[in-house]
Amino acid sequence: MTFPGDTAVLVLAAGPGTRMRSDTPKVLHTLAGRSMLSHVLHAIAKLAPQRLIVVLGHDHQRIAPLVGELADTLGRTIDVALQDRPLGTGHAVLCGLSALPDDYAGNVVVTSGDTPLLDADTLADLIATHRAVSAAVTVLTTTLDDPFGYGRILRTQDHEVMAIVEQTDATPSQREIREVNAGVYAFDIAALRSALSRLSSNNAQQELYLTDVIAILRSDGQTVHASHVDDSALVAGVNNRVQLAELASELNRRVVAAHQLAGVTVVDPATTWIDVDVTIGRDTVIHPGTQLLGRTQIGGRCVVGPDTTLTDVAVGDGASVVRTHGSSSSIGDGAAVGPFTYLRPGTALGADGKLGAFVEVKNSTIGTGTKVPHLTYVGDADIGEYSNIGASSVFVNYDGTSKRRTTVGSHVRTGSDTMFVAPVTIGDGAYTGAGTVVREDVPPGALAVSAGPQRNIENWVQRKRPGSPAAQASKRASEMACQQPTQPPDADQTP
């Protein structure tokens, strides 16, 4: 499914978006992991138009570099045209057409950069209908329960499109009309150029309205056609953050449903958020409160959640990830993570490995079958296969000026509360005793013990904390011990 070879597309993204009340340009606000402009350009790129032009104005210095990045991502050229003064949508189209050669003779699709649910099928249907009826212009329309803010479609008694009137210029009776302009058009370029040359700014906004082209072309006797979109969300625009949240929720509902239909169990769609670039394998179960963001990849037969957020994380088949926050990491096949686990960028857990409760890992590789069960920080480390890191262990990776790495071999067993003061290497098959502070390399098969014999300082509390609850408790315990009767010796032990 592609556009005909003579089709150019203009994306209007020059508006300041004042109703967003934001320092971020409106078209760069995000939903489902992409900016609004990115959603629109992805949909258009699927149809491979001959030319794709984005018209920028407000904050073009911030938006243009991102358009360039999107062009690289999409593998195609995207031109940028500049509207240097905010003189209306008609003027924006004139600016966009300046990027086309004067002898360009084809169809031009015009759309907005703030319609994030607009899809390739809707655009393809528009151009197909436009060509089928040989229209000078075909405009997408939809019907809204609350049409406030949209241009109204005016029709003749024969139901032909007569004009589009903007909200600010509409009469009270015209504002009752519920069929609205979706802001997406297909034009014959010659007819468009002719009509644009006759636009007037004699209106409430004192701007050149693209919508006035409809009435001009009709007065010329040209064919003006409308194509109605029943699913109004596909062409809904965003002017404020309420509308952004509403469309984000609707897009998420559609994304979740698509995964469900593909064989993924989503226990509670209302509390599950999945970005559009996320992939999930069959028979995976997603529990409530889960967010799968960015380019996260989940394998098949996994269990994810509840209360889990993964951003750009790759999860292998059959893995379990519970109450975990992770980013830019990988989890191997059959591995188990959570609950209350924090995976920071650069974490790579091997197949059948385990990262348990209250474990934080950063910039570390953990081998196949290795377990870090609980209460441990692993930073800047490489751990081999089938090792076990005891509870409350810490990889001490920062010396005050720089980060250092620790290497732990395979089949290593470390006692609870072991401190690895980097840089150190623990050889294959080595052990550490509980409470050991490892400051030097441990040879393969060795047992590292840093603590000396235990020494008890009698009556320390009584001397250092007299009268304290601890001192009183210890005094009572001592007195009770003194009152214990002495056991008489057994009869057969009497001399």
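Cβ coordinates are placed from backbone N, Cα and C, and glycine is handled just like the others.
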Practice problem: Taking Swiss-Prot at its word that Ala391, Asn397, Tyr398, Ser416 bind acetyl-CoA, choose the one of Ala430, Ala434 listed for that site. | Solution: Ala434
Self-check item: Nearest of the binding-site residues (Gly113, Arg344, Asn388, Tyr398, Ala434) to Thr2 (N-acetylthreonine) - Cα to Cα
Solution: Gly113
Self-check item: Helix, strand and coil residues within the region 'Linker' (242-262) as assigned by DSSP
Solution: 20 helix, 0 strand, 1 coil
Quiz item: Near His374 (active site, proton acceptor), which binding-site residues out of Gly15, Asn239, Ala434 have their CA within 10 Å?
Solution: none
Practice problem: Give the sequence-ordered list of residues that share a chain with Ser416 (acetyl-CoA binding site), lie 6 or more positions from it, and have CB atoms under 8 Å from its CB. | Solution: Gly390, Ala391, Ser392, Ser393, Ala434, Gly435
Practice problem: Give me the non-local Cβ neighbours of Gly113 (UDP-N-acetyl-alpha-D-glucosamine binding site): same chain, 6+ apart in sequence, Cβ-Cβ under 8 Å, ordered along the sequence. | Solution: Val11, Leu12, Ala13, Val27, Met36, Leu37, Val40, Val54
Exercise. If we count other C-beta atoms within 10 Å, could you say which of the recorded positions Thr2, Asn239, Asn388, Asn397 has the fewest?
Key: Thr2
Exercise. Please report how many Å separate the Cα atom of Glu166 (UDP-N-acetyl-alpha-D-glucosamine binding site) from that of Asn239 (Co(2+) binding site), as a whole number.
Key: 15
